[in-house]
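Note sheet for the following structure.
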Amino acid sequence: MSVLQENSGNTWYVQQNDTVMAPTLGSFWQFQRMVKHVTGRSAFFSYYGYGCYCGLGGKGVPVDDTDRCCRAHDCCYKKLKELGCQPLLSSYQFHIINGTVVCGCTLGPSSSCLCGLKACECDKRSVYCFKDSLPTYEKNFKQFFFSRPQCSGHKHQC
């Protein structure tokens, strides 16, 4: 982890590229922003309730590549929870540098910073997966508040 000193006196801890991050906190809200920046789509209107794994919970067989992205994101967050992190609440910042998401935090070298950076990496992998799967995104798999009958069975193991 690199340490930078900004003119304002704030110390920034960044994961890569020694680049100062935009200071907005909270993994849940940052994920929404990251999805919009990378895919050009709204996380809520495009992905929440998509397939079997996008949104809360998830079980059954993923319906397509986008749904597999959500399942992988769920698994990534599950691993963080097993490490004692709270990925939805972990704080981090990100910035887009030359079209690439760069993760960082301002909390100092602590477990909170580490959890935030790991949550950012989960989110980053997910949004690039969403971007790669845009050509096969199927609007018919988006079901806001309806049950998902195609999603029966057990949750796949991570």
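The backbone N, Cα and C atoms fix where each Cβ goes, and this holds for glycine too.
Because TrEMBL annotations are produced automatically, they should be read as predictions rather than curated entries.
Taken verbatim from TrEMBL:
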type: DOMAIN; residues: 27-151; note: domain 'Phospholipase A2-like central'
type: DISULFID; residues: CYS52-CYS151; note: disulfide bond
type: BINDING; residues: TYR53, GLY55, GLY57, ASP74; note: Ca(2+) binding site
type: DISULFID; residues: CYS54-CYS70; note: disulfide bond
type: DISULFID; residues: CYS69-CYS129; note: disulfide bond
type: ACT_SITE; residues: HIS73; note: active site
type: DISULFID; residues: CYS75-CYS158; note: disulfide bond
type: DISULFID; residues: CYS76-CYS122; note: disulfide bond
type: DISULFID; residues: CYS85-CYS115; note: disulfide bond
type: DISULFID; residues: CYS103-CYS120; note: disulfide bond
type: ACT_SITE; residues: ASP123; note: active site
Three-state secondary structure of CYS103 (disulfide bond) from DSSP?
strand
What does DSSP say about CYS76 (disulfide bond): helix, strand or coil?
helix
The DSSP breakdown of the domain 'Phospholipase A2-like central' (27-151) into helix, strand and coil residues is 65 helix, 13 strand, 47 coil
Determine, to the nearest whole angstrom, how far the Cα atom of CYS70 (disulfide bond) is from the Cα atom of TYR53 (Ca(2+) binding site).
5
For the domain 'Phospholipase A2-like central' (27-151), provide the mean pLDDT of the predicted model.
90
At the Cα level, what's the spacing in Å between CYS158 (disulfide bond) and HIS73 (active site), rounded?
10
Does GLY57 (Ca(2+) binding site) have same-chain partners at least 6 apart in sequence with Cβ under 8 Å from its own Cβ, and which are they?
none
ASP74 (Ca(2+) binding site): nearby disulfide-bonded residues from CYS54, CYS85, CYS103, CYS122, CYS151, Cα cut-off 10 Å:
CYS54, CYS122
In the structure shown, which of the disulfide-bonded residues CYS75, CYS151 has the fewest other Cβ atoms within 10 Å?
CYS75
Taking Cα atoms as reference points, rank the recorded positions TYR53, GLY55, ASP123 by distance from CYS76 (disulfide bond) and give the first.
ASP123
Between the disulfide-bonded residues CYS76, CYS103, CYS115, CYS158, the one whose Cβ has the fewest other Cβ atoms within 10 Å is CYS158
Of CYS103, ASP123, CYS129, which recorded positions are close to CYS151 (disulfide bond), meaning a Cα within 10 Å of its Cα?
none
Taking just the CA atoms, what is the gap between CYS115 (disulfide bond) and CYS129 (disulfide bond) in Å?
21
